[in-house]
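For reference, the structure discussed in these notes is given below.
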Amino acid sequence: MCSNAKCVYYNQSRNLSGNSILLKITEHDNKALEIIVNYVTENSLHRKWILLLLVIFLNVYSLMYEILSTNYCVVIYVIVLFIIYNIVFTVRQERVLIVEPVGYQIEVHYVFGKSTNFIAWENIKSVFINEVVSKQRVIFIITILTKDTAKDASAIIPLFTRTMPRLTCLEAIYQHIQHCHS
Amino acid sequence: MPNMAEHTPAPTPSRAVYGFAMYLSFRTFFVLYVIWAVIPESWFKYVGITCLPQRYWAIAVPIYIITAILLFGFIIYPSINLCMTPNFNDFRTVTDESVKNKNHNQSLITSEINCNKCICMNKLKCGQEQYLKKSTNFKAKCIPSAEDLDITEVSRILYSKLKSQ
């Protein structure tokens, strides 16, 4: 089944940390809205993997032939493990899929795999742009206000917290979501 | 009225006296401190003063004080502030408990309603409910009290696409 996807917004800009991000909003069949924010990397991930493999190989070599003492080798191993952990859990892309009477699906894509979160349409009260204090800086985050009927309390779910687009991108996202809601 | 006068930063005769006394005492203390720290011990012995603290403290105490201030002001105090700020998904970033009362701008003309809970069998015939529903029974306060704006409305006004654009 082929869906009629129409790209309604496409913009490349910088996010809060200075990295280059790409914002793409597409409408599927006039019923579903998909918002994708992904990092534009200059393909440096492959270089990092090659460098890491080289370091591991040299480490094993030096351990076997006792070029470096065992203490240094263990320390290098721990540092390499830490770097691998950082690289594997780097966020590549964040997606929000809005289907009108069904709900919101929020996905975060890592290097391997993704994590998803779903919010039903009845639970959503509204979407707004919030100003939050984070590490001695005030940033704008687009958030969903939900009513959790089980606990009878309002809950706040912020979107795009890992990619952190700036206000112009957030305004565009907000206007498209408003258009979808109304 | 006398309380209000005490809180101004304006100069008063008593403050001038305090200021001058502090100036004299601190200046004297500073001169004595420098003399104690700089002059060699043999001169003190010649005069007859033998019981003075070690010169080590002339350098150690200021350094202790400066280290404590640095540690507190640059590490402990910012850490306390960072721990106190709410998370992104905390509801405290949107509002707090000061938004509980309704009818902020209005107060009842008559204050003779002394029962707050309605015990009527039929709510539609309850006189208090009918009274509270009529807006002519309220009068607007002169200065409206501070209230929190609804965050959805604020976002809509600030960030929606204007029709003229």
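Every residue gets a Cβ built from N, Cα and C, even glycine.
TrEMBL labels come from automatic prediction, so no person has curated them.
Features reported for this protein in TrEMBL:
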DOMAIN    B:15-159  domain 'PIG-P'
TRANSMEM  B:20-44  transmembrane segment
TRANSMEM  B:56-77  transmembrane segment
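Long-range contacts of the transmembrane segment (B:20-44) within its own chain (CB-CB distance under 8 A, at least 6 residues past either end) are made by residues 50, 52, 55, 58-59. When averaged over the domain 'PIG-P' (B:15-159), pLDDT in the model lands at 82.
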